[in-house]
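Asker: This is the feature table in Swiss-Prot:
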- 11-31: transmembrane segment (TRANSMEM)
- 41-61: transmembrane segment (TRANSMEM)
- 65-85: transmembrane segment (TRANSMEM)
- 91-111: transmembrane segment (TRANSMEM)
- 117-137: transmembrane segment (TRANSMEM)
- 150-170: transmembrane segment (TRANSMEM)
- 367-387: transmembrane segment (TRANSMEM)
- 404-424: transmembrane segment (TRANSMEM)
- 428-448: transmembrane segment (TRANSMEM)
- 454-474: transmembrane segment (TRANSMEM)
- 480-500: transmembrane segment (TRANSMEM)
Amino acid sequence: MNSSVFPRLRFACKLSLAVVLSLVLGFWFEMETPRWAALTAAIVAAGPAFVAGGDPFSGAIRHRGLLRILGTFIGCFGALVIIMTTVRAPVVMLMLCCLWAGVCVWISSLVKTENSYVFALAGYTALIIIITSQSSPRAIPQFAIERCSEIILGIVCVILADLVFSPRSVKQDVDRAIDDLLLGQYQLLQRCVGRAATDDVDSCWHGLLRKTQAIGGMRNILLMESSHWQPAWRRMKTLLSQSWMMMTLAGEIGLMRRDGDCVVKGGLLMLLEQPVTTPGDLRRQLRQLRHLAASHSSRLPAPLVGWLAASSRYQLLAAGIRTNARISQRETEILEAETPVRASSAETHHALINGLRTGVATAVGCLFWLLTGWTSGSVCMVMLGVVTALVMRLPNPLMAAKDFLIGTLIALPLGAVMFMLVLPATQQSLLLLGLCIGVMTFVIGIEIQKRRLGSLGALASTINILVLDNPMTFNLSQFLDNAIGQIIGCVLALAVIMLIRDNSRARTGRTLLNRLVHGAIDGLSTRPARCRENHLPALYQHLFLLINLFPGDMAKYRLALSLIIVHQRLRQLDIPLSDTLAECHRQMRATAARVAGAAGDTQRSRYFSQLLTQMEEYRQHLGEHQVADDIVAAVARLTALLQRHQHALCD
């Protein structure tokens, strides 16, 4: 059998088993709505598969399941608090629920992307509980407990199905990606030392940026897979920092070569020009480079020496990750040498727009439902909250909303066939019911791995509109209300995204660039504790977001890279201890923070001019302290860079 077909069939079987097992156990334990367990199993297993375009890693499935449990608990708690405080005022209760959904979406847009699902789920879980139980508020505590139980059952069934069908470990992919990343780092160094075209260097750098980010995502999946991988997980965090450092130092070498300050010649240049295509060749090449560097260290540029040192640390950590052995004393010193600085979100305005979309959409929908008494209103409201909560953090919310809409349109005829022909023919047989649902899930599971538009939405929507409750009833009007309500909810969500436009792209890009300016100035310090802080992961995270926002804007990309390189250069400077210089550092950091957080262009320009003035004064203080020429030159280079790009950073 074709190697690409077998994993798809395996995942389709895994998905079918998870959905059928959760449904059967839900009926076996006499739960009131077993479809919630089946729906949870489908979403937790199929969501990562749709993103990956194939059989997802076990850690990704478990991570998704854990996030769903946490989000459900938070949402149930929020629903109970809202009910207890406003049970005598139904309209106020629904408005508070809409406000809760908007706040949760706002928070989900500020946290890390991999954790945003928790708060998005918490928002619409409270909406589901309150809207579904609005007619009988006294039953809401029992309703919340049942929902939590059924969701936990669905997640347990997904994990069991994953274990039955050979869980896919991410470890081998991590090992291959780490070797490939080091090879790419060396090829970037070759381009920066040689005379490669600027576009070629940018393309290589961009590829390394995405590879390093991908390994960061694998790191989280590896820990969720098993606690056995914790030593490798710890090493990977520092290994990523070494990767950022090697990229930065290679870029600094390229800038120095362009300015004529970095000349690599002789045997070292000949060695660097030799092509390297395999990890084995790379190891031999690096050994020879270190041997030459040890004998000619005084004549080599400092960034090249730093790059070789970082590559040695990278190889040591990579070997430990490969074997997952106990962390040695030398590795402990590397792990504890620096303190990574966490990046704060630069998408505050974007997050506010996302929360506003969800809050306004659900509030208007609730008022319309209450005024008209529309029979499909509750389902429409739930779908409106679900879509607006889940798609906002995605790179293209409009396309994701269209995917939901297409899925609900597919679910109408598919669900009608299942509801009116297939399910009644099972004659209340749990075995036949499981077989029918399993076959449907198997077919859709194959399409999900192809990332077919509407496939994931079709699976979730079809399971949701089928009356998989205990006891099962076949009410055609209720089925049509649910199906039509889902479609109208998706249409309204799509309309909300189109009407409430997000114009924060330019503002977020400017904020990211000014955060990079602040990071560059953070490299100036005389305090040992501050010098140990590693800002590179946070700075490259800002750069990655900037590339996603402006994929074709090479001017912003190169400015951001230049600021990161300047930060690394300033961080390596040996600035003498002085109260005057330390006070200058504090003032410049404070002013740079004001530039990044300024509300308007006028205020930002004023703070930026103040920052340039402070940097000129700082250069004068450096001259008075008779510091080394390289320190003065590095500060002058940063000042010139800011003056040259003042328009891009302020307007």
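Glycine residues also receive a Cβ, built from the backbone N, Cα and C atoms like all the rest.
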Asker: Mind checking which residues reach the transmembrane segment (150-170)? Cβ under 8 Å, same chain, six or more beyond either end.
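Answerer: Here the qualifying positions are 7, 10-11, 13-15, 17-19, 21-22, 25-26, 29, 31, 33-34, 36-41, 44-45, 55-62, 65, 68-69, 72, 218, 221-222, 225.
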Asker: Return yes if the transmembrane segment (454-474) and the transmembrane segment (367-387) have at least 3 CB pairs under 8 Å (sequence gap of 6 or more), otherwise no.
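Answerer: Between the transmembrane segment (454-474) and the transmembrane segment (367-387), contact is absent.
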Asker: Out of 11-31, 41-61, 65-85, 117-137, which stretch touches the transmembrane segment (428-448) the most, going by CB pairs under 8 Å?
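Answerer: By the under-8 Å Cβ criterion, the transmembrane segment (428-448) pairs most with 11-31.
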Asker: With Cβ-Cβ distances below 8 Å as the criterion, list the same-chain residues six or more beyond the ends of the transmembrane segment (367-387) that contact it, or say none.
Answerer: 91, 94, 101, 123-124, 127-128, 131-132, 134, 358, 361, 401, 404, 408, 477, 481-482, 484-486, 488-490, 492-494, 496
Asker: What parts of the chain pack near the transmembrane segment (65-85), using Cβ distances under 8 Å and only residues at least 6 beyond its ends?
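Answerer: Residues 40, 43-44, 93, 96-97, 100, 104, 115, 117-126, 128-130, 137, 140-141, 144-145, 147-148, 151-152, 155, 158-159, 224.
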